[in-house]
Amino acid sequence: MFGSGPGMNFMFMASTTDECCSVQLIDGDGSFNDTGIESFIKEVKLHECGLSYAVVSIMGPQSSGKSTLLNNLFYTNFREMDAFKGRSQTTKGIWMAKCAGIEPCTIVMDLEGTDGRERGEDDTAFEKQSALFALAVSDIVLINMWCHDIGREQAANKPLLKTVFQVMMRLFSPRKTTLMFVIRDKTRTPLENLEPVLREDIQKIWDSVPKPQAHKETPLSEFFNVEVVALSSYEEKEEQFKEQVASLRQRFNHSIAPGGLAGDRRGVVPASGFSFSAQQIWKVIKENKDLDLPAHKVMVATVRCEEIANEKFTGFTANENWFLLEEAVQSGPVAGFGKKLNSILCTSLSEYDAEATYFDEGVRSAKRKQLEEKLLQLVQPAYLSMLGHLRSGTLEKFKEAFEEALNGGEGFSLAARNCTESYMALFDERCTDANVELANWDCSKVRDKLRRDIDTHVASVCAAKLLELTSSYEAKLNEALAGPVEALLDGANNETWPSIKKLLQRETVSAVSGLSSALSGFEMDAKDKEKMLTNLQDYARGVVEAKAREEAGRVLIRMKDRFSTLFSHDSDSMPRVWTGKEDIRAITKTARSASLKLLSVMAAIRLDDDVDNIENTLTSALVDTKSNAAVTDKSITTFDPLASSTWEQVPPAKTLITPVQCKSLWRQFRAETEYSEASRRNNNWMPPPWAIVALVVLGFNEFMTLLRNPLYLGVLFVGYLIVKALWVQLNISGEFQHGFLPGLLSISTKFLPTVMNLLTKLAEQGQSPATNNPQTNLGASAFKSFQNGSSSSNTSSTASSGVTASGNDIDYSSPPKED
């Protein structure tokens, strides 16, 4: 048995009877024991029952044996009244227990008795509240009443029935509840005679209760199933009482099955929401509000489904399989990603469906959709990461395959098309593998991004390949044209430009043909292809023109070289031996005419079939004596054909050397070559014969002196070596080839440094250890110095030539100053 003192009101109590446990659900003051009911539900595993459970409650006058009946009927252990201590209130508030040995799971509630002296005559609020609570949550309500009250107008059961019917009207859509009237202490009057009287009394009470307009004509059977049973006195006929109770107990087995006591019940709350539902119902009843059971059912479903959804969402986030899958997809693609993720999602949703299956369908479906959306929102970043890995991996493999195809000789466009189709299909296949069936996400954006990346890569490779092809053919053209053009311009004659033109046409046709064949694999637009071929032709022409302009910048050097070659060599290209009998004027004129020919060839670009008069103009203006005289005579003013910046019949774009520049170059050329002509006329190093005879006669004594004193010979030998070394280092013969005055000036500037260099080398040799033959050492030193001097002379000569050549480059952007 259990105590009901203040310290026991909210304590969950285990029963002493097998499979039975009890809890005070609501205390005498109307406080709901939410902690106790949660523990009770866990203990009896009510949350696992779904809709397969029943709730039975009992109400009736105080001390009418309600607890005794329940304990014998359902094997519970509610506290019973001790008759030896007098009749008083035993049950306070509402107690709850699980029935033992009855299927399905049946919960029974023992309500506080009505009409008790402890609460007083006027305090009927709790009676109505508990009655309304029992009707709202119970499938079967036992109404305990005395047999002798049947048929009486002022019987104790009348107020109770009025209370039941009155509170029922506060339920907008009441459940189809079974009212089982239990007649206690049955007399000899048969039940068949008692039941009609009781039913008549019940109908009268029903008719007398005020009803809402909607239920004015609604019969009692629409709201209640009425059952009547009679039991013998527990105190006088205990054995008969127990037999009748045992028979009644059988009717509670499978009570919710069709045809059972509560087979046609409506609006059942799933077992997992029973605790919350009961708590909310009692809260509404305590606030004295009308109880809208359909709305309450939706509210309970909403709360419980949301709780279940949150539990499943939390469980999903803690799921180890999801954690491992999410971690793996961050580092790379995962095989079977879609199936694995879909399986985990389906498991969570299936668990939700299993727990929420008995709640309101609309609420359940809405909360399931919300849960599904939350789960998909949670896993979508992993899915996007998977697509990102697939896109990047496919792109890299495409690049490798594309490069291999190109290296294997496959045509560019064909390779690009085949590789693109192949790897886009591969991406689609992998996307299908990664697809989450529940989500039905669209991967078209990622696919489009991959296609754009592939197209961009193909375009960049195409541009690089075309640039490589163009550069290759340009390099070939440069190599094929630059050298030959330079050689042809160096040997300028009447056939120079026709030869250059033929060379340009031949190499251009060859290069254009090769590039056209190479471009066939790119399947280019005809206009683009034609543009590239035209650009290559323009490049070839540009190479020739650039080389011609480069050579035009060195035309003065070329003219002097040609003049020097023709002046110092005969018609057989043999070095000319000057005997003094040569016609130097004719030789000079021939050499200058050849140089003028070179200047006329270099004056303009002649790659087209245009005809010009440059050579005749230059000849008449620069070589003809009369014209020269007319030009040099400043007192006579005549027309100068070279006083212009353009040639007749020659566009400025094809002009290499303007007429005024030709005039300036020719003046400079004449000035520098006149020294060679003059030096050759005076170039006789041998003294006259009479001077040689005078030297022999007058120097005979000195010669004999040298023969008598060998020491003088040594001194003369050393002096000869020194002079020879200076001769070689100063390159005296070379310097005087350009004339006496320029040679003298050049030697004067190099004399002192050369002497200092020679003395320094002699000093270094003198510091070396002496040997037994000083003469030999001195000779060797001098010879070594001579050799060093020769090499230094060559280097100096080369450097001097470089300086001279650079000094001869002319800036043709402005006309030269007049001397």
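Glycine too: its Cβ is placed from the backbone N, Cα and C atoms.
The model shown is predicted, which means the values in this text are computed figures rather than measured ones.
Quick look at what TrEMBL annotates:
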type: BINDING; residues: Gly60, Pro61, Gln62, Ser63, Ser64, Gly65, Lys66, Ser67; note: GTP binding site
type: COMPBIAS; residues: 781-808; note: compositional bias 'Low complexity'
type: DOMAIN; residues: 50-265; note: domain 'GB1/RHD3-type G'
type: REGION; residues: 766-819; note: region 'Disordered'
type: TOPO_DOM; residues: 1-686; note: topological domain 'Cytoplasmic'
type: TOPO_DOM; residues: 732-819; note: topological domain 'Cytoplasmic'
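All protein chains included, Gln62 (GTP binding site) registers 20 other Cβ atoms within 10 Å of its own Cβ. Comparing Cβ neighbour counts within 10 Å across the binding-site residues Gly60, Pro61, Gly65, the minimum falls on Pro61.
Minimal Cβ crowding within 10 Å, among the binding-site residues Ser63, Ser64, Ser67, is found at Ser63. What surrounds the GTP site, by Cβ distance within 8 Å of the Cβ centroid and not counting Gly60, Pro61, Gln62, Ser63, Ser64, Gly65, Lys66, Ser67, is the set Gly113, Asn144 from the same chain. Of all the Cβ atoms in the protein chains shown, 28 others lie within 10 Å of the Cβ of Lys66 (GTP binding site).
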